[in-house]
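*Asks:* The following block contains the structure, expressed as structure tokens.
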Amino acid sequence: MGAFSWWRQPSWMADNKRGRMTPSLPWLLSALTLLHLMMHVNGLKRGVQQDLKCTTNNMRVWDCSWPAPLGVSPGTVKDICIKDRPHSCHRLETTNVKIPALSPGDHEVTINYQNGFQSKFTLNEKDVSLVPDTPEILSLSADFSTSTLQLKWNDKGSALPYPSNATWEVKVLQNPRTEPVALVSLNTVLSGKDKGHHWNWTSELPLQCATHSVSIRWHIDYPRFSGYKEWSEWSPLKNISWTRNTETNVFPQDKVVLAGSNMTICCISTTKVLSGQIGNTFRPLIHLYGETVAINILNIPVSENSGSNVIFSTVDDVYGTVVFAGYPPDVPQKLSCETHDLKEIICSWNPGRITGLVGPRNTEYTLFESISGKSAVFHRFEELANETYWLTLKMAPDQEIHNFTLTARNPLGQTESAIVINATERVALHVPISLKVKDVNSTVVTLSWYLPGNFTKINLVCQIEICKANSKKEVRNVTMRGAEDSTYHVAVDKLNPYTIYTFRVRCSSETFWKWSKWSNEKRYLTTEATPSKGPDTWREWSSDGKNLIIYWKPLPINEANGKILSYNVSCSSSEETQSLSEILDPQHKAEIKVNKNDYIISVVARNSAGSSPPSKIASMEIPNDDITVEQAVGIGNRIFLSWQHNPNMTCDYVIKWCNSSWSEPCLLDWIKVPSNSTGTVIESDQFQPGVRYNFYLYGCTNQGYQLLRSTIGYIEELAPIVAPNFTVEDTSADSILVKWDDIPVEELRGFLRGYLFYFQKGERDTPKTRSLETSHSDIKLKNITDISQKTLRIADLQGKTSYHLVLRAYTHGGLGPEKSMFVVTKENSVGLIIAILIPVAVAVIVGVVTSILCYRKREWIKETFYPDIPNPENCKALQFQKSVCEGSNALKTLEMNPCTPNHVEVLESRSIPPKIEDTEITSPVSERPGESSETDPENQAAVSYCPPIIEEEITNPAADEAGGASQVVYIDVQSMYQPQAKAEDEQDTDPVMVAGYKPQMRLPINPTAEDTTAEDEADKTAGYRPQANVNTWNLVSPDSPRSTDSNSEVVSFGSPCSINSRQFLIPPKDEDSPKSNGGGWSFTNFFQNKPND
């Protein structure tokens, strides 16, 4: 401590002084060196050692090393001593030493140097590192076909004193890559002995494509060692490379890979590779070295049977390979083993999932039996879905237990399945062959068959199937002792004579596994036996009652026991016995002439084996006056009959039946029912729907048979096929009486339940009556349920009316066809009389009432319908002032417009009586077509309407004196009142005075003559003639009408009111007189007589 302090103080002082001044650099370096040496020497004296390291590779020896102290040569070490250890000092010349492993705990170690220096330190196992020796690779080989590296090395476990766990790391390098492509850890156990290890690694890159190097290191894990455990150094690299010895450029070749996996394929080429593809899919190129490239294929699908092509294209060539992708074999499923003959064992299985690999790459199956050591191989070049494979192995003598292992193997892997069986419990026999049948008697036969196999140690169970026509199959089990390749015999009894049987056989072991297949069928007819029963017999008396007819049924096959050849019939009474000659089959009827005595009839059937027991029946029939007749309806082809129990019946009941339409005696069939029965169901294929059958129930007593009940029935009711025939018995004005006949039983086809009668009004062949439907409201329907009724009166009808009548019968089976008729009811005379009298009485009453009313109202009727016509002279409306009418141009109503007359007539003689003419207004062209053609067209005018003209000749003395005749033309002006009829004594009155109102103008014949006397005279004789101013008329106007027959100028003028109407323009102002219709027509015109209209 003093030395250390001494060296420390100058150093501090020096630093302190350096803070105040700057010393020189050499002095500073010298001080530091001296300080370091002092501290190191002081530490050696105190036993403090730095950088001491100890390692071990086998936990037996520790290898310790340390650096030499400063100023001490490594060769000056004298010894090293370990305290508390025998022989603790070791002579040394270097700074490292190997010492035996120390016990756990701290140990003091002293190192002495020749120069007197000494170093001490504490050593513990925790400070020691366990570093194994560098491992050595024994061999590195390669399987280029599978791209697999095979590595071998030795763990040198004998160098370690204790068993330990070792961890190995293997790294694989691919040239030219420097980083490992694989780094794998492996665990082993060091047992204290040298042990070799091997490891296989498959490269994704084919080994041919690059140089591969392998190096390993290891780590020992000994739990009791408390020091550091470190990895060893990596072993030197071991290389593997491919020496090209083929022309192949693409690797791997014909590789089998797992479907869905990834793989790398490379191409070694001296020229540039352009592309790489699998199938039609191009993949990117991976450059390895030089021109060598590779492609990665991801998720490879299952390939076709021919594989998937991989192609590399270079500048001058194309290279390729084939890849087969599939699956490893599935575990064999449903593995089962059995034997057919205890000589060979057959194992079958289902391959499971299809691998997708075929040919030499398909799955190979190996069946190995571990007890006997026998094996068999199965190899199939194709795979089929749901196919069953099988292999056969020979059985060893006296070996029952067999342990089978089935291994499935293909290039992608292998699986296996195992099974243990007892062969005697897995016996599935072969199909029995050579089945034969041999007679023993009519009810027993012997069956024999051959069965291959060695069954001496087991019992067999065989099933015999017995089948006959129209019967259920019968199966019988037979147990027998097994034999070797033997024929087996079995007796089959309880058979029916003369019956065809079909036999077949199958067998199994007594410890049942499964049945064999059925043998071929064998048909066989048993021999005949005597009939077991006599025929079922019945008897009927003939219609005349003199002969007895015997009926019998053919015996069933199970009772005939053979082919019936003939029948023997005999009848016996207390007085005599009769036997008929032999009746050959198939006749089943015989007739015997007997009297009224009681006979017992006997019938015997005979076949080649003998005769049957006789069947007997009594001929006597006990009368019964109390017989009821009932109705019955069946279902399908059967009918049920019932009756009350009769204690007097001592033997069977007999029910016979026949078609109702057949004549007596009729017999279709019969059955016998035990005497304790009260009903039975009769079933027969001869029953037909819609046919009536008679059923007769006979009771049997010791004296004979008695008829107890008669039943009529149908198996099924149908609708009648004909309509009832009906006629009209009587007709009246309000009713019709119809009558119909019964329908024959054969055509009724069921029990008659009633009639439906339709009627309505209607004529024949009208659409309304062609078919009657009850849905129409005007159709009347009567349902007649009393089937005994055969007439019907229809009341409340109308007389002399046609009715449509329809009649239909019906059963439970439906409605029959309809029969229609048209009937007309008679006329009702009382109604006709009433129909005549009522209108006559009404007419008389109406006439009387009308006459009374007309008489009382006659004045009103006259005024309304036929009033008096007033005198025009008294009409003030027509009394015009002359001064007003003359010379006034403003009065256009009285102005005469020119009008073309339709007729002009010139009177040459004055002796002709006055003539009044009312003609139609026509065109002059139509009146005189001959003359109009010569007339100037300019003078022609068409008049659509002009009032008719009344011409009247008036004798004028003044005119006569002047030497000419004058003509006056009148225009008929229609009066508003009906003219009154004139008496015959008034016809001689002056024509001028009776001409009525005739407005006119009289023109002188000579216009130059102005004789006022003549005018005044004319006014007096002609009456009232309103006229225009004569002086203002232009008689020579071209528009004036002129006569074409003479040179005289005769002009006609229109009405003083209008030239286009016959009505007055100024109506009468008398309020009591009727008013004219403004439309030019009045009710009075209807009663007016106009000549020539």
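A Cβ is built for glycine as well, from the same backbone N, Cα and C atoms used for every other residue.
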*Asks:* Per Swiss-Prot, which of C209, C337 is disulfide-bonded to C266?
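*Replies:* Here Swiss-Prot pairs C266 with C209 via a disulfide bond.
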*Asks:* Choosing among C507, C571, which residue does Swiss-Prot name as bonded to C462 by a disulfide?
*Replies:* C507
*Asks:* Closest of the recorded positions to C209 (disulfide bond), Cα to Cα, picking from C81, N239, C337, C507, N568?
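*Replies:* Comparing Cα positions, the candidate nearest C209 (disulfide bond) turns out to be N239.
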*Asks:* Taking the Cβ of N568 (N-linked glycosylation site) as the centre, count every other Cβ atom within 10 Å, in any protein chain shown.
*Replies:* 17
*Asks:* Using DSSP, would you call N783 (N-linked glycosylation site) helix, strand or coil?
*Replies:* strand
*Asks:* Please report the Cα separation of N403 (N-linked glycosylation site) and N422 (N-linked glycosylation site) in Å, rounded to an integer.
*Replies:* 9
*Asks:* Tell me the Cα distance separating C54 (disulfide bond) from N477 (N-linked glycosylation site), rounded to the nearest angstrom.
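*Replies:* The Cα atom of N477 (N-linked glycosylation site) is 92 Å away from the Cα atom of C54 (disulfide bond).
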*Asks:* Just to be sure I understand the packing, how many Cβ atoms besides its own are within 10 Å of the Cβ of C209 (disulfide bond)?
*Replies:* 24
*Asks:* Per DSSP, N676 (N-linked glycosylation site) is which: helix, strand or coil?
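*Replies:* SS state of N676 (N-linked glycosylation site) = coil.
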*Asks:* Test of understanding: give the count of other CB atoms lying within 10 angstroms of the CB of C507 (disulfide bond).
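*Replies:* Step by step: centre on the Cβ of C507 (disulfide bond), count other Cβ atoms within 10 Å, giving 26.
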*Asks:* May I ask you to report the DSSP-based helix, strand or coil state of N262 (N-linked glycosylation site)?
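*Replies:* Going by the DSSP assignment, N262 (N-linked glycosylation site) belongs to neither helix nor strand, so it counts as coil.
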*Asks:* What mean pLDDT score does the domain 'Fibronectin type-III 1' (45-127) have in the model?
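*Replies:* Across the domain 'Fibronectin type-III 1' (45-127), the average pLDDT comes out at 75.
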